[in-house]
């Protein structure tokens, strides 16, 4: 195991210690000084704790801005699709997947943002992304057709990827210990759900504005996107004022102080002043992207996360179609008018479950056992859900219960697995100077999210040749296949990379002692 061995040396040679007289200890003075020091320590420790909590809250608010940006897809879809076709056919799913695909492709820019965050810091990258997102929200308001919406969704994904990378990296920077890190990361799914307040406020604003004006008729979603941009811009301005840098920066010059160090400690004699200089240790260089790509454990984790992103995105993309289809045709039998509210409530319950269970599970079992168990449950859910839907088709109430439970379980599993992957990612780097790079590399999984458009596109074009039931069961079969491959690959994931097998000795900073074959 990689371990720190910090050494502290006395400034007086050991052979000369006998020359100094012993100091009598006055217990009353010692007790008084000890009590004063305890009160002082409590006061000093309380200030950093409050500052840290304030920074963590601000990081969550920044992550909320990205969630608002991601949820701004809903007004675009409602503008491009009529209400009666919103979740009634595969063409709607195909259009939704195109916009999601553009957003996911833009998210792959997180590779560059993570690399940049390790060089110039997390704060400038996050602020750059926030202001870019606010202007992008305004630009989306002027999109009126599929092409323009797709282009702006790509730009939105590109700018919001800065927030995805920097927020997770900053959480890793300020979290102390595995338990605290697990609690902090486990809150993210619930915060992502709060991004749904964006479309709600957008709908309230657009409903209150009279559509009689020429500009509102020409650009139907402009008013709602102004609201979205205003929220993000407000968060950006607040972050400019309150957000601190979490990347440890190199001190500008050595620390030089004159103290009577041993005299103050225990000698109580007049000694010459000792000049102590804190050597300016050079900051470790970030590990390069090529070095990470040569690490087998990281590549296995990347492949596993990519498959997880693929089948989870396919399910979410096809849910409006599968959820609205009849259970006799392999669907879930949920009315279109109830589907959005059902998903919103289910995501809230799943987020609460993740917040309550994942930190406790990580503390008791570690990261690998829960992740492997969750990966095995995905294909089981995809198999059982359509079978149970057919069995209970005679009872509308049982159908609603089974369908809602299936959506709940899927969101709980995918959210929990994503949290565990985030924790595994933060375990990959030996120091904080390369965390942004590896978090950015994991954004490659967005390419597999984009492949959801291929699945929905194939089903859209083949649906005219085959029945609805055949198409739906084929989609379930695809989900089962992706989930099974992901479950098999999860058994090769490792909790931590190893020295030499993953990272060669020359890329590590040899300030510490560790076994050559140990884990980081």
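Even glycines carry a Cβ here, placed using N, Cα and C.
Database features (TrEMBL):
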- 56-74: transmembrane segment (TRANSMEM)
- 94-113: transmembrane segment (TRANSMEM)
- 125-144: transmembrane segment (TRANSMEM)
- 150-176: transmembrane segment (TRANSMEM)
- 188-209: transmembrane segment (TRANSMEM)
- 221-243: transmembrane segment (TRANSMEM)
- 291-312: transmembrane segment (TRANSMEM)
- 332-355: transmembrane segment (TRANSMEM)
- 376-394: transmembrane segment (TRANSMEM)
- 400-426: transmembrane segment (TRANSMEM)
- 438-461: transmembrane segment (TRANSMEM)
- 473-493: transmembrane segment (TRANSMEM)
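In this chain, the transmembrane segment (291-312) touches the transmembrane segment (473-493); three or more CB pairs sit within less than 8 A of each other, excluding pairs fewer than 6 residues apart. Outside the transmembrane segment (125-144) by six or more residues, the chain places 62, 65-66, 69, 72, 76, 79, 113, 116-117, 151-153, 155-156, 159-163, 165-167, 170, 218-226, 228-230, 232-233, 235-236, 239-240, 243 with a CB less than 8 A from a CB of the stretch. Through the fold, the transmembrane segment (150-176) approaches residues 52, 55-56, 59-60, 62-63, 65-66, 69-70, 72-73, 76, 98-100, 102-110, 113-114, 117, 122, 125-126, 128-130, 132-133, 136-137, 139-140, 143, 184-185, 188, 246-247, 422, 425-426, 432, 435-436, 439-440, 443, 446 of its own chain, all at least 6 residues removed from its boundaries and within a Cβ separation under 8 Å. When each of 56-74, 291-312, 332-355, 376-394, 400-426 is scored by its Cβ pairs under 8 Å to the transmembrane segment (94-113), the top-ranked stretch turns out to be 56-74. Annotation: stretch 400-426 has the most Cβ pairs under 8 Å to the transmembrane segment (291-312), among 56-74, 332-355, 376-394, 400-426. Sequence-distant contacts of the transmembrane segment (56-74) (same chain, at least 6 residues past either end, Cβ-Cβ under 8 Å): 96, 99-100, 103, 126, 130, 133, 136-137, 140, 153, 156, 159-160, 163-164, 166-167, 170-171, 174, 184, 187-188, 191-199, 202, 225, 228, 231-232, 235-236, 238-239, 242-243.
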